[in-house]
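Engineer: Checked TrEMBL, it gives:
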type     : residues : note
DOMAIN   : 589-649  : domain 'CBS'
DOMAIN   : 702-758  : domain 'CBS'
TRANSMEM : 75-96    : transmembrane segment
TRANSMEM : 116-137  : transmembrane segment
TRANSMEM : 231-254  : transmembrane segment
TRANSMEM : 266-285  : transmembrane segment
TRANSMEM : 318-339  : transmembrane segment
TRANSMEM : 449-467  : transmembrane segment
Amino acid sequence: MLSNQLQNGMDRAKNMWSLLPNTDENEDDLLSILKKNDGGGVESLDYEVIENYAYWDEQAQRGKLFVGYSVAVKWLYALFIGIGTGLAAVFINMAVENFAGWKFSLTFALIQKSYVAGFIVYLAINLALVFSSVYIVTHFAPATAGSGIPEIKGYLNGIDIHGVLFFRTLIGKIFGSIGSVGGGLALGKEGPLVHTGACIASLLGQGGSSKYHLNSRWLQVFKSDRDRRDLVTCGCAAGVAAAFRAPVGGVLFALEEVTSWWKSQLLWRVFFTSAVVAVVVRAAMGWCKSGKCGHFGSGGFIIWDISDGQEDYSFAELLPMTVIGVIGGLLGALFNQLTLYITYWRRNHLHKKGNRVKIIEACLISVLTSIISFGLPLLRQCTPCPKPDPELGNECPRPPGTYGNYVNFYCSKDNEYNDLATIFFNTQDDAIRNLFSAKTMHEFSARSLLTFLVMFYTLAVVTFGTAVPAGQFVPGIMIGSTYGRLVGKFVVSFYKKPNIEEGTYALLGAASFLGGSMRMTVSLCVIMVEISNNLKFLPLIMLVLLMSKAVGDAFNEGLYEEQAQLKGIPLLESRPKYQMRKITAKEACGKRVVSFPRVAKVADVVSILRSNRHNGFPVIDYSRNGETRVIGLMLRSYLLGLLQSKVDFQHSPFSSDPRGSISSRHNFSEFVKPASSKGISIDDINLSSEDLEMYIDLLPYLNPSPYIVPEDMSLTKVYNLFRQLGLRHAFVVPRPSNVVGLITRKDLLIEDSEDSDAMELQSTSSSSSR
């Protein structure tokens, strides 16, 4: 069937599977989960409404009051998702800032007596935090490794990956992010926050976690994949809004990057969720300003206010800004390619050896990062502090790990600062503030910026793919702002204009690298404007994003798309392949079609379910003249539910009810697969020899109106149907010869009216005017 071809992935996904290594049975990472999952690696989600008799019986029992109740609950869930994601972000940021503050305070106190003792403590704290993170991933929640964005993107694209939205995944993501980011690795917490928001939304949608007895029947309202998909979309937007305090950017991120399906009602709920996140985050930061949150204060959430920076720009500056866009595209494409090669090598050679190797690898990278961040500033000669300016409020020098510029580290005099330590021996958030800062001309030397760029770029490439929760937003901003500020130094020395700020070019560099690596445009542009608080730079950010994306697309795909391919997630991208235009639906679909009769023997059903992994089966019946006709589509989950309940078993091989009085003995929600488990399998069902001789009438539970495509339809049009409608199956039939009628746009414009005769008259008149 065509459904089997599409649900197992297109040709590109199959080729990627052939390149992936064969993992051992003991390996418990996400790749092994994908391979062990039923259906040859991954399983599709049912975004289509199954309009069978069980569904209509349930709908008939619901009135307009239930519709209003359902809408109200969706908005209530959007509120809960915003509050939960906001509180999770506050907790993560507060923990990271406090761990970093304690680490730098203790290290700075020790280096006053001995730099060796300070380095040992600095190394030990980083190593302990990273070890806790990688231990959580390898022994508690393997699905928490990485950013989680490719997996969530696959879920919203219609791919069910077991374990990605579990409760333990949520807990592991939160505490694992604290360890990996607090441990000073070259990664961020923004991607994990997107995954965290998605987990919170999914758990709310299913009423909690039944495994850990943290569930409530009052919350189990939405049991379909369509409703859960909408909630997870709200969670993704909430994660970005919490990470950057950018609610509009969060909405656009969900629309542009992760979701494959959108509607206006969902837009309003996503926007509301992001607004709730912004309120929660702002309230938490206001409460923490009083000093109740320890080291978490003004240096907490990522927002780099450069509204007091460069006021205007000249036409001559567009050339170096364009160069920044080109550099961002080149370095971003190179980053994607290097991480792809290294990640593939890890899976093919390193991670096959078990969890112990993963732990050792992460710890070695932690040691290497600590040596570089502590040792390189020791080799840099300190610079005299600039003359104090009360208007700027730039204190010089400052101790390491404190908010502000001009860090004093291994300097012989008190009025000197170490420019390399200002960005290296510091938290990433504070380092970015220093790079974006205005009125700090000549604070960083070209040699220090180039050294930091090469070393941090290398660390980011090597760290990406380790068994820890990791995001790439902040490392990308660090890399881009470094070479952007480097270009800004040359622009200042060349044009010799006092109004040019190096921090402006640092902002543009950050946008260009993110655009060149992740290939986002609209959402990234809005996020950069929101975090910089300067609308004047909007045209410049648009320019560098367009340039970096165009250059990057000439070499490879975006970071998340390439990682999804490597992990074997068969995404249906927004645009089908060109060669699909020359392939018909008949050529693409499977040649062997497994079907059921309307009244099927239990033994035959069990045999077919055991012998193949199809998730949809055509159901055939015979007309009075003996002609075979397809009457609908039967899902595997429905068959398993009927076999387990045994309520519909009958002795007769004939249908017992006339067509006009068909009823269902089951509730429609009984056949929905739980989001937190794989559901039941055929091996979980116990049937006696007497049960196997019984029969089941499948008519009340099949989908009588599946999507049908003619055999000569191009695969491009079929691809668009699956992508835009979220389909899982479609029948391929011969070119029909008879036409029952013709539907036009007028037939879809039905107005609400209590007079059915008037509505019928309107339909008749519109049909006559075609």
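A Cβ is built for glycine as well, from the same backbone N, Cα and C atoms used for every other residue.
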Engineer: Pairs 6 or more apart in sequence, C-beta under 8 angstroms, 3 or more of them: is that satisfied by the transmembrane segment (266-285) and the transmembrane segment (449-467)?
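Structural biologist: Between the transmembrane segment (449-467) and the transmembrane segment (266-285), which are separate recorded stretches, there is no contact, as judged by 3 or more close Cβ pairs.
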Engineer: Residue list, the transmembrane segment (449-467) vs rest of chain: Cβ under 8 Å, 6 or more residues beyond ends.
Structural biologist: 29, 134, 137-138, 145-146, 185-187, 331, 335, 338-339, 342-343, 346, 351, 355, 358-359, 361-362, 365, 368-369, 372, 376, 380, 420, 423-424, 475, 478-479, 482-483, 485-486, 489
Engineer: Near the transmembrane segment (116-137), which residues from the same chain, at least 6 beyond its ends, have a CB less than 8 A from one of its CBs?
Structural biologist: 99, 102-103, 106-108, 110, 144-145, 172, 175-180, 182-185, 358-359, 362-363, 365-367, 369-371, 374-375, 466-469
Engineer: In the domain 'CBS' (589-649), how many residues does DSSP call helix, how many strand, and how many coil?
Structural biologist: 20 helix, 21 strand, 20 coil
Engineer: Same-chain Cβ contacts of the transmembrane segment (75-96) under 8 Å, 6 or more residues past its ends?
Structural biologist: 174, 177-178, 181-182, 189, 193, 196-197, 200-201, 204-205, 222, 231, 234-235, 238-239, 241-243, 269-270, 272-277, 279-281, 284, 288, 293-294, 296, 300-301, 427
Engineer: Using DSSP, what is the helix/strand/coil residue split across the domain 'CBS' (702-758)?
Structural biologist: 18 helix, 8 strand, 31 coil
Engineer: Restricting to the domain 'CBS' (589-649), what is the model's mean pLDDT?
Structural biologist: 87
